[in-house]
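Worksheet: one structure, shown below.
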Amino acid sequence: MEDEPVNIREYEEIAKQVLPKMFFDYYNGGAGDEYTLRENMEAYRRIMLRPRILVDVSRIDMSTTLLGYKMHSPIMVAPTGMHKYAHPEGEVATARAAAACNTLMVLSFSSSRKIEDVASSCNAVRFFQLYVYQKREVSATLVRRAEEYGFKAIVLTVDTPRLGRREKDIKNKLILPQLSNLDGLVSVDVGPKGGSDLEAFASQTLDPSLCWNDIEWLRSITSLPIILKGIIAAEDAIKAVEMGVSGIVVSNHGARQLDYSPATISVLEEVVKAVSGAVPVLIDGGIRRGTDVFKALALGAKAVLVGRPILYGLAAKGEKGVKSVLKMLQSELELTMALCGTTSINEITRKHVQTEGEKLRSLL
Ligand SMILES: Cc1cc2nc3c(=O)[nH]c(=O)nc-3n(C[C@H](O)[C@H](O)[C@H](O)COP(=O)(O)O)c2cc1C
Ligand SMILES: CCCCCCCCCCC(=O)C(=O)O
């Protein structure tokens, strides 16, 4: 019998072995030089933990809530497109695994399974991620369907007025699967011209004129809470709060959009301070260990989202693999909490981490 993977890196290795190169590169790649892609992970390694000792850690409670919904732990599933590249069941398998792990999944606009199929596959709490199509009515239709099928919030992605330049996809001539949610709604001209079909698709569909006023438009078509995903700067976080959003995701889209944007963990604290508790601040990008989750919580995140690790699990073993990835991160977080002397999420504080700047200052 094959050895079970013991960490996310080993799941990544399996995904690389089992997936066609074109699909693995699409999942794993980033924009431009992939500097931010590396930095998203490296920045976590520069933060050290400051454990406290002699605390009774015989019981650890990792549970938390987001917008009033309870989760087993603050580790959520990020919206990622096209799960059918990884497994024929696609997003249905992912949703079932998220439900089994009592966590929240954000379903991508570019899902390869229909909103309705994902909704009827299990009864987890789900949010719906939105891109704004040049023909606004297409996005409005999807919002209405998500609302009708019980999704609890709209996560509007704000870092993608145009698609980032992903050179691997261009070289591989990435082909698009059917984006089932858009059946009958969208007809675009993609095909064998060379280059990435995703890029061709995005350039004909994404609305680059999307701006702050459109938050009002979105509010006029839905009563669901709105979360903005893709904020990096404190000024934008303040503006988002002023616009009445219900949450913020500090994200650089897994380094797939603007290369040389900062690692998300390096700007989290600035955003958390700017928001000063008005709305929950979430983070994603580069989280591969329970210790990473702990560091993000210590720097003020309410919860984290993971993208690629879910896809690795899905490619390796379908629903079982996604479950295993989520459980792995949950149990790594639990152990980190125990070894840091924290028994609940609220007990994780700023004092449990030391950033590189603090380490250097302490030497002066
Ligand atoms: C293959 C892939 C597809 C993605 N698709 C979407 C998407 O459809 N919508 C979106 O808002 N973000 C999308 N993202 C970004 C993720 O939501 C998330 O921000 C990112 O994956 C977090 O970084 P991580 O992969 O290092 O965990 C995608 C990311 C990947 C890797
Ligand atoms: C508004 C119409 C659809 C826009 C398609 C954009 C493609 C994004 C694909 C998924 C993604 O975000 C990624 O990083 O890849």
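The backbone N, Cα and C atoms fix where each Cβ goes, and this holds for glycine too.
TrEMBL annotations: computationally assigned, not manually curated.
TrEMBL lists His253 with the feature active site, proton acceptor. Per TrEMBL, glyoxylate binding site is recorded for Tyr26, Tyr131, Arg166, His253, Arg256. Annotated FMN binding site per TrEMBL: 79-81, Ser108, Gln129, Thr157, Lys229, Ser251, 284-288, 307-308, in sequence order. The domain 'FMN hydroxy acid dehydrogenase' feature in TrEMBL is assigned to 1-358.
Long-range neighbours of Tyr26 (glyoxylate binding site) (same chain, six or more residues apart, CB within less than 8 Å of its CB): Met82, Tyr85, Arg166, Lys168, Asp169, Asn172, Leu174, Leu198.
A gap of 17 Å separates the Cα atoms of Arg288 (FMN binding site) and Arg256 (glyoxylate binding site). Around the Cβ of Arg166 (glyoxylate binding site), the number of neighbouring Cβ atoms within 10 Å comes to 23. Secondary structure from DSSP puts Asp284 (FMN binding site) in a beta strand. Across the residues annotated as binding glyoxylate (Tyr26, Tyr131, Arg166, His253, Arg256), the two Cα atoms farthest apart lie 19 Å from each other. Lys229 (FMN binding site) sits 8 Å from the residue listed as 'active site, proton acceptor', taking the C-alpha atoms as the reference points.
Highest local Cβ density among the binding-site residues Gly81, Gly286 belongs to Gly286, counted as other Cβ atoms within 10 Å over all protein chains shown.
Cα spacing between Arg256 (glyoxylate binding site) and Gly286 (FMN binding site): 12 Å, rounded to the nearest whole number.
In this structure, Tyr131 are the binding-site residues from Gln129, Tyr131, Asp284 whose C-beta falls under 6 Å of some atom of ligand 2.
DSSP assigns the residue listed as 'active site, proton acceptor' to a helix.
For His253 (active site, proton acceptor), the same-chain residues 6+ apart in sequence whose C-beta sits under 8 angstroms from its C-beta are Thr157, Asp159, Thr160, Gly164, Gly230, Gly285.
Closeness to ligand 1 is met by His253, these being the recorded positions among Tyr131, Arg166, His253, Arg288 whose Cβ falls under 6 Å from the molecule.
The binding-site residues listed here are Lys229, Arg288; among them, Lys229 has the most other Cβ atoms within 10 Å of its own Cβ. Annotated pair Arg308 (FMN binding site) and Tyr131 (glyoxylate binding site), C-alpha to C-alpha distance, rounded: 19 Å. Classification of Arg308 (FMN binding site) by DSSP places it within a helix.
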